Amino acid sequence: MGSQAVSPYGDKLKHDPTFHGPIKNRSCTDIICCFIFTVFIAGYIVVGILAWLYGDPRQAIYPRNSTGAYCGIGENRGKPFLFYLNIMKCVTSFNVISAAMSGLQCPTPQICVPSCPSKFWAVPPQIIQKDKPEDIWNQTLCQPTINLTTTSLSVSEILNLQLCPEFTVPSEPVLSRCFPTFNISQAESFNVGGMDKNKTLDTIKNGTEQLLQALGAKNLGLKIFEDFTRSWYWILIGLLIALVLSLVFLLLLRCIAGVLVWIIIVGVLVAAAYGIYHCYMEYRELDQKGATIKNIGFTTDVGAYRSVKETWLAAMIILCVVEGIMLLTLLFLRKQILIAIALIKEASRAIGYMMSSLFYPLVTFVLLVICVAYWGVTALYLATSGAPLYRIAPKNDSSPDCIGISGNESCSPMTFNASTYWPCLVDCIFFKYNDQGLFQRNLFNLQIYNFVGLLWCINFVIALGQCVLAGAFASYYWAFKKPQDIPACAVCNAFVRTLRYHIGSLAFGSLILTIVQLIRIVLEYMDHKLKGSGNKLAKCLLCCMKCCFWCLEKFIKFLNRNAYIMIAIYGKNFCVSAKNAFMLLMRNAARVVVLDKVTDLLLFFGKLLVVGGVGILSFFFFTGRIPIDKPEFKSPVLNYYWLPILTVVVGAYFIAQGFFSVYNMCVDTLFLCFLEDLERNDGSQSKPYYMSKSLMNILNKKNKNGKAK
């Protein structure tokens, strides 16, 4: 007796008369991973609370003066701008990185002022000993510790104590800080302490550039914000057009999917055929001229190879092979292509019966925004944790009276009294933020925890959306009479069912993906560090590892997606669902490949239509190339017209991606259900098919009772 051959991918599914779609009686899955995920989220919340308690994001928003007070709020509410008393000192002993971390501090007193200076001015040397201070300075440009009307200090003493500026230059606020804006021709009479005018201005300019380098790209952010305020409503209109186009395209696929697929396939074949013809004509022409590779020999100029016949011959051979493979594939897999087209049409039909599924991406979007916002706020609070520390520093290091002051003594700018150190001139300046506490010493580890939490939460939210949509679309397929048997509120039921029973399974699948993504990030970081290295072996090995983990991430995403479909239908744990989905797909490998590529072609065409159409329309509008007579409908005047165009294009892509992800999930779910339908049922009265009539016609199958959906 011969034994029956066993498939390496498992046996086909058996008929179950009690199965009519996603099962109702199910239990919680992957409880251990659910517990781990819950503990991780609780820890994530604790990290956020600690960051909120210790952090102060005002450090990243408002500038600090020399006393540690913020400009623009509290006691300085009417003084929103920071003025550097002697900006020339910002070019000496100045570290850009530390300045950026400390709020752009430099070794000169900083004062909160109501407005930045608007002209060149310097204290004339001849009046330093005889004029009254109130006749020289504006009180708003001096430190609040001195009252010019009542002080007994002379002008020279005020300058030595750095209580008032020795000079001012025209300045404009950049992110609430007064930065000089001038050219040499504006400063004909400008002179500071008898110094060379040009040298002084160059020093000021260099100090300003140092500050701006730490600050970023000057006032680019302000111009971008201004453009957004002028064009935000037009951007919203562009995104609304993208939404309508995406919705219309998905609904039209029900009618034109077949025609569109064949147009794309024929177009690819015609393009390849034209490529063969073009290569042959180039080859024949160069052959007649006798242009062979022997004439040029080996060269690093790649463009030179276009002028030899061997290049075009090789290209023609490659295109002929590709054309032959495509024709053979079309010949032998035409039935699979027809099945793919029918499933795509069925997906449009399913979405038509469950229009609420198209709006589920809004739920996913809101959850993703919450995840990213929580990560961003937590990262900001962690980065600004720790109180500012100040040290006593001599104003003139070369003075013999200051030899005993090491500069390591801490101080408080609110209570500091410089007169106790007389005759040495000292100041209490910012040193760094406190990093000695237990919380501050672990800020880097907490930032890593925060980033891992971001990746895990994002992957979990995406997994939740896939499982919910799979449950809804599976209930559509396994409804024998459509639309009568389709359950009401299928999306809501699937959402509640998933949250109630399968948080652990979704957390498990998303954790695996998160680990692979973290490894890829580490490899990218190592690759960045090795860019200047001459170790070829290490670079080659790293490149191979990056390629392998990229492929692994793609495979895990594919496996997770199908595992979530099985979880939504049968309610089993992640590993069992992933195994069952993989075995089912491998038993139908040819259909899987064809459906995947056909669906990718359609969705690519749809994204190209939506994003390209909206992008071209916004380009012509924002560049003023669309003639509009009414002023209220004309494009606004912008600093960077590409900014709203780029915003509309990126937004249109995410909108199209959201809609088409629903469609793609629908196709994948119906495909798995279709494969199970073929294995479970045979069309008899006791085992009727649940597939649509068009699929039955393609497969030459029918239900024996003569009824089809």
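All residue numbers here begin at 1 and follow the chain in the order shown.
Just so it is clear, glycine is given a Cβ too, placed from its N, Cα and C backbone atoms.
Residues or ranges marked as transmembrane segment in TrEMBL: 31-54 (among others).
Residues 348, 351-352, 358, 606, 609-611, 613-614, 617-618, 621-622, 635-636, 644, 647-648, 651-652, 655-656, 658-660, 663 of the same chain sit 6 or more residues outside the transmembrane segment (232-252) yet have a Cβ under 8 Å from a Cβ within it. TrEMBL lists 232-252 (among others) with the feature transmembrane segment.
Summarising the annotation, TrEMBL assigns transmembrane segment to 259-277 (among others).
Look at TrEMBL and you will find 312-333 (among others) tagged as transmembrane segment.
Within the chain, the transmembrane segment (353-375) has long-range Cβ neighbours (under 8 A, six or more residues past its boundaries) at 48, 247, 250, 450-451, 453-454, 457-458, 461-462, 464-465, 468-469, 472-473, 476, 482-483, 486, 489-492, 658-659, 661-662, 666. Annotation source TrEMBL lists transmembrane segment at 353-375 (among others).
The feature transmembrane segment is assigned by TrEMBL to 448-480 (among others).
The transmembrane segment annotation in TrEMBL covers 501-523 (among others).
The transmembrane segment annotation in TrEMBL covers 563-586 (among others). Counting residues 6+ beyond its ends, the transmembrane segment (563-586) has Cβ neighbours under 8 Å at 9-10, 13, 21-23, 26-27, 29-30, 33, 463, 466-468, 470-471, 474, 494, 497-498, 501-502, 504-506, 508-509, 592, 668-669, 672-673, 675-676, 679 in the same chain.
Among the features that TrEMBL reports, transmembrane segment is placed at 598-621 (among others). With a threshold of 8 Å between CB atoms, the same-chain residues lying at least 6 positions outside the transmembrane segment (598-621) that come near it are 234, 238, 241-242, 245-246, 249-250, 253, 257, 260-261, 264, 337, 340-341, 344, 635, 644-645, 648-649, 652-653, 655-657, 660, 663-664, 667.
The transmembrane segment annotation in TrEMBL covers 641-663 (among others).
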Ask   = Excluding the flanking five residues on each side, which residues at least 6 beyond the ends of the transmembrane segment (501-523) place their CB within less than 8 Å of a CB in that stretch?
value = 26-37, 452, 455-456, 459-460, 462-464, 467, 542, 545-546, 549-550, 552-553, 556-557, 560, 563-564, 567-568, 571, 573-574, 577-578
Key: Long-range neighbours of the transmembrane segment (312-333), counting only residues six or more past its ends (CB under 8 A)   = 265, 268-269, 272-273, 275-276, 279-280, 282-283, 286, 590, 594
